[in-house]
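Novice: Here's a structure for you.
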Amino acid sequence: MTQPAILALEDGTVFEGDSVGAPGLAVGEVVFNTAMTGYQEILTDPSYARQLVTLTYPHIGNTGCNAADDESTRAWAAGLIVRDVPRRPSNWRNQVALPQWLRERNVVAISGIDTRKLTRILRDRGAQHAALAAGEDIDVDAAIEAARKFPGLQGMDLAKVVSTAQAHPWRDGRLDLDANAFVRVEPKYRVVVYDFGVKHTILRMLAERGCEVTVVPAQTGAAEALALRPDGICLSNGPGDPAACDYAIAATREFVAKRIPLYGICLGHQLLGLAIGARTVKMKFGHHGANHPVIDLDTGRVLITSQNHGFAVDEASLPGNARVTHRSLFDGSNQGIALTDAPAFSFQGHPEASPGPHDVAYLFDRFIASMEAR
Ligand SMILES: NC(=O)CC[C@H](N)C(=O)O
């Protein structure tokens, strides 16, 4: 039997629907994602911690879920909001239907609401604080109250919360679907990946390019990381406000000063910006999707990219030694920088995609080239 669920926004707007996940109350910032596929990767992307994700594509769950597509070891999104979950998933890789997958991971989810209306609210007013309640005996007023009490992501350091507790190696390349196994490549470069909420595909794309990857906790000091004698450092994606990660900004500053090849992805991009003295700002509703056009200013090529961020580097605040390499064609915001006096560069979107097109994968090759050059 289906149980009821509601989504209550901080302004008192309430959407009523059906529970399609675990019972309970989840509170966070609601964001909309326009990707048509990849719900499992989205739900397991640690960058969605403390966020309730609504997918604008109306049918979610069509292909089910499987053991290989997780982007981390658990579901991180605080909750899921969809229009409709098809009753029966159909795909050769399907192992478990989305509602069961959500229940097993204790993710609260609602279906049957007008996600187009919700998305218009988010576009007009910006990302909203909200509470998602599912199960019998829902207290609507308590949910609205809980939404109002959510402190917001600004100033919130979540990277150290989602990060690994211990340093560990990573060896698997990407999944070879024909062989049904992860690709292994003989390592050539030692790379330290800062785990601020790293997605597995980032680690896989490094491993399959010959990197011997060591994943380290977010708060690892620069000296400790350098003691591993890395050829390069990768700063991962991650949730929360980048400006709150003072420890990571300090470590990044040292890597830049020592001219270690450095590659920042999403939160990692923002941290590089902050480390060289730029500012980051909270966006109105951010970029979350798999079809965002971004221009590579060096080549003039337009890349179709995967995006998931709510903060951005303020281009006007960049110092003279930072070159703007990429810009969003949706709103003109900064999407990439490269330093002119150190082998450090970064990208705001997701070069690893997952889900999304592979247009930006060349940045992984650029990182390899910068380690090779050194
Ligand atoms: N995917 C990410 O790394 C997101 C970075 C940061 N938390 C933001 O929202 O902008």
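A Cβ is built for glycine as well, from the same backbone N, Cα and C atoms used for every other residue.
This is the feature table in TrEMBL:
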type	residues	note
ACT_SITE	C266	active site, nucleophile
ACT_SITE	H350	active site
ACT_SITE	E352	active site
BINDING	S47, G238, G240, L267, Q270, N308, G310, F311	L-glutamine binding site
DOMAIN	3-133	domain 'Carbamoyl-phosphate synthase small subunit N-terminal'
REGION	1-189	region 'CPSase'
Novice: I'm trying to understand the geometry here, so how far is the Cα atom of G238 (L-glutamine binding site) from the Cα atom of C266 (active site, nucleophile), in Å to the nearest whole number?
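Specialist: With distance taken Cα to Cα, C266 (active site, nucleophile) is 7 Å from G238 (L-glutamine binding site).
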Novice: Can you list which of these recorded positions (F311, H350, E352) have a Cβ closer than 6 Å to ligand 1?
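Specialist: The recorded positions passing the 6 Å Cβ test are F311.
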Novice: DSSP helix, strand and coil counts for the domain 'Carbamoyl-phosphate synthase small subunit N-terminal' (3-133)?
Specialist: 26 helix, 46 strand, 59 coil
Novice: Using the residues the record lists for L-glutamine (S47, G238, G240, L267, Q270, N308, G310, F311), what whole-number Å value is the largest Cα to Cα distance?
Specialist: 13
Novice: Averaged over the whole of the region 'CPSase' (1-189), what is the pLDDT?
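Specialist: Overall, the region 'CPSase' (1-189) comes to a mean pLDDT of 96.
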Novice: Give the distance between the Cα atoms of H350 (active site) and C266 (active site, nucleophile), rounded to the nearest whole Å.
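Specialist: That comes out at 7 Å between the alpha carbons.
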Novice: Does anything in the same chain, at least 6 positions from Q270 (L-glutamine binding site), have a Cβ under 8 Å from its Cβ, and if so what?
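Specialist: Expected: P242, G264, T280, H309, F311, A312, V313, Q348.
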Novice: Given the binding-site residues G240, G310, which one has the fewest other C-beta atoms within 10 angstroms of its C-beta?
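Specialist: If we count Cβ atoms within 10 Å for the binding-site residues G240, G310, the smallest count is at G310.
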Novice: Fill in the CA-CA distance, C266 (active site, nucleophile) to N308 (L-glutamine binding site), as an integer in Å.
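Specialist: Given the Cα positions, C266 (active site, nucleophile) is 8 Å from N308 (L-glutamine binding site).
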